[in-house]
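Asks: Per TrEMBL, the features are:
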| type | residues | note |
| --- | --- | --- |
| MOTIF | B:39-48 | motif ''HIGH' region' |
| MOTIF | B:223-227 | motif ''KMSKS' region' |
| BINDING | B:Lys226 | ATP binding site |
| DOMAIN | B:328-390 | domain 'RNA-binding S4' |
Number of protein chains: 2
Amino acid sequence: MDIYTQGAEDIIPAEDLDLKVAKSVISGRPLNIKLGLDPSAPDVHLGHTVVLNKIRQFQENGHTIQLIIGDFTGKIGDPTGKSAARKQLTDEEVKHNARTYFEQFGKIIDMEKAELHYNSKWLSRLHFEDVIKLAGKITVARLLERDDFEERLALGKPISLHEFFYPLMQGYDSVVLESDVELGGTDQHFNVLMGRHFQEKFGKEKQTAILMPLLEGLDGTEKMSKSKNNYIGIDESPNGMYGKTMSIPDQLITKYAELATDLSAEQIKQLQADHPKDAKMFLAGTLVRMYHGAEAAKRAEQHFTAVFQKGSLPDEMPEVRWHGVKHIPVIDLLVELKLQPSKSEARKMIQNGGVKIAGERVDDLQQTIIVEDDLVVQVGKRKFVRLKVS
Amino acid sequence: MDIYTQGAEDIIPAEDLDLKVAKSVISGRPLNIKLGLDPSAPDVHLGHTVVLNKIRQFQENGHTIQLIIGDFTGKIGDPTGKSAARKQLTDEEVKHNARTYFEQFGKIIDMEKAELHYNSKWLSRLHFEDVIKLAGKITVARLLERDDFEERLALGKPISLHEFFYPLMQGYDSVVLESDVELGGTDQHFNVLMGRHFQEKFGKEKQTAILMPLLEGLDGTEKMSKSKNNYIGIDESPNGMYGKTMSIPDQLITKYAELATDLSAEQIKQLQADHPKDAKMFLAGTLVRMYHGAEAAKRAEQHFTAVFQKGSLPDEMPEVRWHGVKHIPVIDLLVELKLQPSKSEARKMIQNGGVKIAGERVDDLQQTIIVEDDLVVQVGKRKFVRLKVS
């Protein structure tokens, strides 16, 4: 039983879950475990796997996974045209994104056994009359309790009326699918509770909400997300995944291990006793093993040790075809190659001793580089580029 | 031009109306003058005629009247089930109520020339997707500006989300019908402006709002309404209409004349110079003439004079078949006949000398009445009952 609550930030109501699981065991009827998916951003990263790992645990115990693609909203987009994130998707884009999701999900859950639903199936059939009846089941005050709505109203920032419908739809999905449990991040607190609200209003049994913590990204502060570029994608190469994991702050090792891996509680305890460097390498190896297998994990570790710990060049590195001038000041070269965002940043990096050309540290800010075929430019510990001159 | 603004409490925006009328005169295209009707309460009283008289003026000048039966809302009723006023109407009830409206309207406007619309025609065709697009055209803050919403939210009284859709629908009706002017009482201020809001959002020309004052009922304080039982129905008998008009407070004579009659500005000026009693009799006669003709007006005046001014019995009075005991205390009799709401009220009325049995004033609170065929019981100046004993 504990496995379901492990790692969860909040379970609402706390006592319901045990009861539901017990009933299911007695009746032999599996629970419906719901997870809603936004069809607009189908790249799955470790942040997503926090809930996916949790639903896998339910699936492993015979419960039914309900994956819901929120394609109805996706197809409408943002009617005010103000939110770039809510651009209108075509049927084909929705299908493509859903396939992308499912291919990646297959690494974590058994997609053969999961139910797939597109909520446009029931939502697009609602008429104005049905919408009014649905709207009659909730008050404006209740909707304004959502943190961001409350804040925006207080600050005089506009809330378009259609935004009130996103939580309604999410709640109504639970009514239609008769979900017993809904998973979500803590930022979904309000929306997941809408399921309970509407199930009750429609005379159905209320689902339990399991809210999982949000995983911080590589920067250690912001929530992991694609737009912040602080993520580890589950489709990344073994070396990329390993290297990125090695760059997270030490204090996140345990959290990553708990929320994003299949490590047992004992293994995690062991990890905490290790030196942070070793712990992080074990974490990185675990993630690569989960998504690429044990063999790949071993190779990624060897690669990392070879490159970053011994200071040698990596076996593989990006090649850039050079079309520019053959004699170029080192600062300009770094900016041109986008290895540094600005000249001042490039200058700082050189001053800190972080730039090597053909294996030699650059100390002179004014140095002119003669570009040749196979010249390797290195910035910091992990950025390499091999220049190709035709 | 002045005729359109005469008596109006507010015209929004003030300068638009002249321009629209002028354009219509030049182009020869009549204006679309919209009036929305609630299909749940089809008894037309003088309060309603305030706007009807105004649209008649437009009609007399060749403009097009758009009468909109809000049957879509009527058929939905109140999804929360809390508002008794919004009970769900069947198709037949809606049609019956609309017919009732139109029969009565025929006394004020030319129904042959008026357009009739049922808003379910377009609203019932909207799908969830259309509703979201419509909702995307307005903010929550804008809706909360409506006085009653603002107040209820502030007081913590629930606003059901579906209530937000009533103003949206009214506004959308104006989009569909391309209304140039919408009439309403001052209590419709917010809803009528919704038409302007949505017409603009849909790229149409914005209608002008003409807001008419609300007519107080017989009590002189509350808005005239059926539920307050302080109204004069336009279907009432000549004597009833005349008598009720005579019961309004003197200070309302001018307002009634301006808003509810076809009297000219000069006639109203004349009226104000008269003794209130005479002015009120002229007002009463005018109303009866408008709805029953000149002959009926003359007879109603004669009847009123005979009964109330000379103290004689009216020619007609309600008969009540008496099945009770033949000997009954006078107080019990008054309550039994519902001529008084309670024993204490009956007692007071007797003490004030307001009760006559068979033409004789009752002074003794303990008096026992012997009930006989044709016994007339009179309470106050205007309530008479003739008892029939089989």
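Just so it is clear, glycine is given a Cβ too, placed from its N, Cα and C backbone atoms.
Given the structure is predicted, the values throughout are model-derived calculations rather than measurements.
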Asks: Please indicate, using numbers and ranges, the residues of the same chain that are 6 or more beyond the motif ''KMSKS' region' (B:223-227) and have a C-beta under 8 Å from a C-beta there.
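Replies: 41, 43, 45-47, 187, 214-217.
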Asks: Long-range same-chain neighbours of B:Lys226 (ATP binding site), Cβ under 8 Å, sequence gap at least 6?
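Replies: Within the chain, B:Lys226 (ATP binding site) has Cβ neighbours under 8 Å at B:Ala41, B:Asp43, B:His45.
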Asks: Count the residues of the motif ''HIGH' region' (B:39-48) that DSSP assigns to helix (H, G, I), to strand (E, B) and to coil, and report the three numbers in that order.
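Replies: Split into helix, strand and coil, the motif ''HIGH' region' (B:39-48) gives 3 helix, 1 strand, 6 coil.
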Asks: Pull the DSSP breakdown for the domain 'RNA-binding S4' (B:328-390) and write it out as helix, strand, coil residue counts.
Replies: 16 helix, 20 strand, 27 coil
Asks: Count the residues of the motif ''KMSKS' region' (B:223-227) that DSSP assigns to helix (H, G, I), to strand (E, B) and to coil, and report the three numbers in that order.
Replies: 0 helix, 1 strand, 4 coil
